[in-house]
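**Student:** Quick paste from Swiss-Prot:
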SIGNAL    1-24  signal peptide
MOD_RES   Gln61  pyrrolidone carboxylic acid
MOD_RES   Phe63  D-phenylalanine
DISULFID  Cys67-Cys103  disulfide bond
DISULFID  Cys83-Cys99  disulfide bond
DISULFID  Cys86-Cys112  disulfide bond
MOD_RES   Val132  valine amide
Amino acid sequence: MMACRTLCLVVVMVASLGTSGVGGRSVEGASRMEKLLSSSNSPSSTPLGFLSQDHSVNKRQVFDQACKGVYDRNLFKKLDRVCEDCYNLYRKPFVATTCRENCYSNWVFRQCLDDLLLSDVIDEYVSNVQMVGK
């Protein structure tokens, strides 16, 4: 009897979460990210562009050698973590690669900050991008 009540309670909770619009932010964020990435003219930002490149995926270096600013491993890790988390949110390889382009100085990185709810510390991240940038 107790197991039946617990099961019914779980079913009711799951059903109410499904109809409450809990997943709305992800859908909204995904459509904004798709629109942002489709407006970019970079070949790596096309949804299937990564398939035309080498299929094996190597672990990305912590820092980008094209970035000519201050070399600070912790700073690069912090910026790279935003792109990794954004990739984990959308599970699209082109999100991670486009996020890192131009030493993190791009609109996808900014959108990732917003989608990861980091807008309250955006000034700190902008400052970090300027430090490592070109």
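These residue numbers are counts, starting from 1, taken along the chain as shown.
From the backbone N, Cα and C atoms, a Cβ is placed for every residue, glycine too.
Note that the structure is predicted; figures quoted are calculated from it, not measured.
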**Student:** Please work out which residue of Cys67, Cys83, Cys86, Cys99, Cys103 has the most C-beta neighbours within 10 angstroms of its C-beta, and give that one of the disulfide-bonded residues.
**Tutor:** Cys99
**Student:** Using other CB atoms within 10 angstroms as the count, which residue among the recorded positions Cys112, Val132 scores least?
**Tutor:** Val132
**Student:** Measuring Cα to Cα, how many angstrom lie between Cys112 (disulfide bond) and Cys83 (disulfide bond)?
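**Tutor:** One finds 7 Å between the Cα atoms of these residues.
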**Student:** Which three-state DSSP class does Cys99 (disulfide bond) fall into?
**Tutor:** helix
**Student:** Listed disulfide-bonded residues are Cys67, Cys83, Cys86, Cys99, Cys103; which of them have CA atoms within 10 A of the CA of Val132 (valine amide)?
**Tutor:** Cys67, Cys103
**Student:** Roughly how many Å separate the Cα of Cys86 (disulfide bond) from that of Cys99 (disulfide bond), to the nearest whole number?
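**Tutor:** The separation of the Cα atoms works out to 8 Å.
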**Student:** So, three-state DSSP: helix, strand or coil for Val132 (valine amide)?
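**Tutor:** The three-state answer is helix.
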